[in-house]
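> According to Swiss-Prot, the protein carries these features:
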| type | residues | note |
| --- | --- | --- |
| BINDING | Lys16, Phe17, Ser18, Gly19, Gly59, Arg63, Thr166, Tyr172, Asp175 | ATP binding site |
| BINDING | Gly58, Asp78, Thr139, Gly140, Asn141, Pro142, Phe143, Phe144, Thr145, Thr146 | UMP binding site |
| REGION | 24-29 | region 'Involved in allosteric activation by GTP' |
Amino acid sequence: MPLDGGKPKYRRILLKFSGEALIGEVGYGIDPKVVQQIALELQELNRIGIEIGLVVGGGNIFRGAGLAAVGMDRVTGDHMGMLATVMNALALQDALERLGVFCRVMSAIRINEVCEDYLRRRAIRHLEKGRLVIFAAGTGNPFFTTDTAASLRAIEIGAELLIKATKVDGVYSADPLVNSDAQFISRLSYDQVIERKLAVMDTTAIIMCRDHSLPLRVFDMHKVGALTHIIKGEDVGTLVSRE
């Protein structure tokens, strides 16, 4: 969806997708249709000059915390989860490059044959040159989620907004997919998210956003054009900020 002459409110953003967001209708792994739709939305933002960083989870392929609960060493499981995020990042890179979008995958762990090492200054330079940057392998450390990685990378690159893509159109008082009485919440403070234990992002990620005054927008990734509306400054989904 084009901006139709409207001026974008944000010039540099960090977008967070869960690995599960890529499953689509296939039940497991990566649905090419979902990846293509995400790539098309990002292509439009890239075309109008928005600098985009992207963090994707790996839960569609592997979830280390789940196997740790049944006996696997947690550090080993988390390392396997990091590799799953690299696989998702490469799939998104491929889809974007087929649309003509210059894209770089930067990994927090060294896999030089398939992607670049993450270096903050190099990542910012890629963004300034109009390249979309996908940050893979989380923070590179076990016990930290990709939500925390998204907050960290957003702060490091100086993003004006952190955007989290979900299956519902924002934050609710309870899971709307299982509770029909769940109420939509359009605005929250960081402290309200923490105090009410709302499932927005993990607590570490929210605290980082709060401490660095990084606004967070939660929206429904399945709504075509929603990202463009957010970039224009429209009130889409739920805004988490100091106010």
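For all residues, glycine too, the Cβ spot is worked out from N, Cα and C.
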> List the helix, strand and coil residue totals of the region 'Involved in allosteric activation by GTP' (24-29) as derived from DSSP.
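Secondary-structure breakdown of the region 'Involved in allosteric activation by GTP' (24-29): 0 helix, 0 strand, 6 coil.
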> When the number of other CB atoms within 10 A of each residue's CB is tallied over all shown chains, which of the binding-site residues Gly58, Gly59 has the maximum?
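Checking each of Gly58, Gly59, the winner is Gly58.
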> What residues, ordered by sequence, lie under 8 A Cβ-to-Cβ from Thr145 (UMP binding site) and sit at least six positions away in the same chain?
Gly138, Asp202, Thr204, Ala205
> Relative to the Cβ of Thr166 (ATP binding site), which residues of the same chain, six or more apart in sequence, are found under 8 Å away?
Ser18, Ala21, Val218, Phe219, Asp220, Met221
> So around the UMP site, Gly58, Asp78, Thr139, Gly140, Asn141, Pro142, Phe143, Phe144, Thr145, Thr146 aside, which residues have their CB within 8 A of the centroid of those CB atoms?
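These residues sit around the UMP site: Gly81, Met82, Gly138, Thr148, Ala149.
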> Can you grab the distance from Gly59 (ATP binding site) over to Thr139 (UMP binding site)? Cα atoms, rounded to a whole Å.
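If we compare the Cα positions of Gly59 (ATP binding site) and Thr139 (UMP binding site), the gap is 16 Å.
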> Provide, as an integer number of angstrom, the distance between the C-alpha atoms of Asp175 (ATP binding site) and Asn141 (UMP binding site).
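Pair distance, Cα basis, whole Å: 29 Å.
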> What's the CA to CA span in angstrom from Lys16 (ATP binding site) over to Gly58 (UMP binding site)?
12
> Determine the minimum-neighbour residue: among Ser18, Thr139, Asn141, listed as binding-site residues, which Cβ has the fewest other Cβ atoms within 10 angstroms?
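Comparing Cβ neighbour counts within 10 Å for the binding-site residues Ser18, Thr139, Asn141 gives Asn141.
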> I'd like the number of other C-beta atoms within 10 A of the C-beta of Lys16 (ATP binding site), please.
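Excluding its own Cβ, Lys16 (ATP binding site) sees 27 Cβ atoms within 10 Å.
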> Looking at Cβ-Cβ distances, which residues of the chain lie under 8 angstroms from Phe143 (UMP binding site) while being 6 or more apart from it?
Arg74, Val75, Asp78
> Over all pairs within Gly58, Asp78, Thr139, Gly140, Asn141, Pro142, Phe143, Phe144, Thr145, Thr146, the annotated UMP binders, what is the largest Cα to Cα distance, rounded to whole Å?
15
